[in-house]
Each structure stands twice: as C-alpha cells, then as structure tokens.
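Student: For reference, the structure I am asking about is given below.
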Amino acid sequence: MKNEDGKLKAMIFDIQSFSTHDGPGIRTNVFFKGCTLRCPWCANPESQKGNPQLLYTKMKCIGCMCCARACPYGAVSAITDPDEIKRVGYVHHDRSKCDKCTTHECLSACFQEALSIAGELMTVDDVMKKIDRDAVVYRNKGGVTVSGGDPLLHPDFLEELLCRCHEKAYNVALESELCVPTKNLERVMPYIDYYYTDCKIIDPVEHKRITGVSNDIILKNLRLIGERCPERMVLRTPIIPGFTDSDENIDGIASFAAECHFPTMNILPYHKLGVTKHERLGSTYQLPNVQPPSDAQMHHLADIIEAHGVKCIIN
C-alpha cells in the first residue's frame, strides 16, 4: 500500500523496544497486522485482521458514556444488567461499525483511557525512526524482529524495511507462519539472519480443519529454507492439548525437521494469555476449558523430537 506521496505503508499494531524474545540479545519487535491462519488458541487475536480494531478495557471503564456521545455512528450502547456489566463491562460496541470507523473520536473522549486502537498505517520511515532510536542496544547481538500477524503479507514494505536494516548492519529475525506465496519469502531471504516459524500440525487435512488453511505452502516454504540456510531456522510447535499434542503429530513434525536439517525445535506449552485480548476485542475465546500440558508431557514430547536427532528446547 502507498500513500499520496507514493511511500509504502503497512498496518502495524505494535513496536516493542527492549524485547528479549524471538532472536538473540535485546531487540526491537515490529508487529504487522494480518494473518491467513485462524488458530483457535491465538494469543494475539488483534493481529489477525488487516484493519485497525477497537480495544476496550472493561476494568478502566466507569460507564460515563462519554464515548457514546462522541461516536458519530451510534456504535456504542449502555449495558444495564448487573451480571452483564460484570462479564463484559458498562458498554457494548457494534464492532461492524467500529471496524469501518476512521476518526476514532471515542478515544479522545475517554479520559479513563479504556479505549485504544490496534493498528496504525506507518511508512518505512516511521518504523525506522523507532528502530534507530534503539540502535545502541543492538551492539551485543541484538537487532530487529519482524513479527505479526505475518509480515510476509506486506512484501513490498517488508523488503524496503529489511533492506534499510541491512544497510545499517542490524541483524534481523523473521517470525512468520510462512503461509504466503513463496515469492514473498524469496524477496526478503537475503536480509534474514534468523527464522522463527510454527509447524503446528503436520497433517494437511487436520491443519486445514483446525486453522482454516492447508499447510502445503507452509511446508514448501520451510523446505526452501531447509535447502538454503537450515541453520538459521528455529522450528516451533505450540503444544495445545487435544489439537497438537499427539505423539503422532510431534513425531511427524520432528521427522520433517530432521529432513530439512533444522537443528532445533522449540515446543511451547499452551497458555491463556490470549483470553484478555479476546475480551478487549469483543470476541469469544474458543478454548476456555483447555488446560496447559504437564511438565511430564512436555518432556515426553521432547524425547520424541530428540530421537530424530533434533535438539528440543521447552520454552
């Protein structure tokens, strides 16, 4: 996407400084909006859609209705039932109207700061200004991580951004689902120092049933990385009881990792950090009754992986 000046723009929902995740050292993480998968356990649901989205924090809301009076579209209504207030807060937002809004007048009207927007169109210059201000912390193996959503859904913007990072010798980590055309990946491979990709479910039919899409293109792109630079890949599998945690699935993923010569797999135990984010988006969390796997189960799955000669790290 380009603005009136012909500058590339992308929808960014967060830029985190001083991060110690998804790459070595201290990093600046840039989070892009838009994802092709719809994993029911998603911890960042605000990353899925490509448009700005309203976030409502019910604990900050006092029910003053200033937001309703400011909204020109009538998207905000009061909740009066005490039980409903306890569950979702003082106000209801018609998300079909909120998603189309471009003025967000409710934000400036809310002095309690109960409202915010996930998603802002930014130019490459905008993002680089935020990256450059952290440059001093990149000296000790730190760098820039592009994440999402999926940054590879913004290939023109991403290529320019990573080229700029490369010119300044910032090391770059890419966190991507790789569910994108292979040409999108190939365009940025010269600038990537580390890859972090989930391989959630090895069976393509089951993958489509759970996430909404087949994993054919994901596996194709992983094989490409395996052919060119396998040592740069950290393959990850979230361990979601009832979805990804079967011995058969983990064995299949580990076999694939070994085939691609990926040296390391990370397995990540299920958590419920996404529940609050779903509440703020006004969406329903799909796995309220799923519990994290036991330590014994995690170590059992790690043993299956390491039997294939792939180092396993439990995160």
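Note: Cβ is positioned from N, Cα and C throughout, glycine not excepted.
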Student: Going by the [4Fe-4S] cluster 2 site in Swiss-Prot, where Cys61, Cys64, Cys67 are listed, which of the candidates Cys110, Cys163, Cys165 is also part of it?
Tutor: Cys110
Student: Would you mind pulling the DSSP three-state label for Cys35 ([4Fe-4S] cluster 1 binding site)?
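Tutor: It is coil.
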Student: Quick one, of the binding-site residues Cys101, Cys106, which Cβ has the fewest other Cβ within 10 Å?
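Tutor: Selected from the binding-site residues Cys101, Cys106 on minimum Cβ neighbours within 10 Å: Cys101.
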Student: Take the C-alpha atoms of Cys101 ([4Fe-4S] cluster 3 binding site) and Cys67 ([4Fe-4S] cluster 2 binding site) and report the distance between them in angstrom, rounded.
Tutor: 14
Student: Rank the binding-site residues Lys200, His271 by the number of other Cβ atoms within 10 Å of each Cβ, and give the residue at the low end.
Tutor: His271
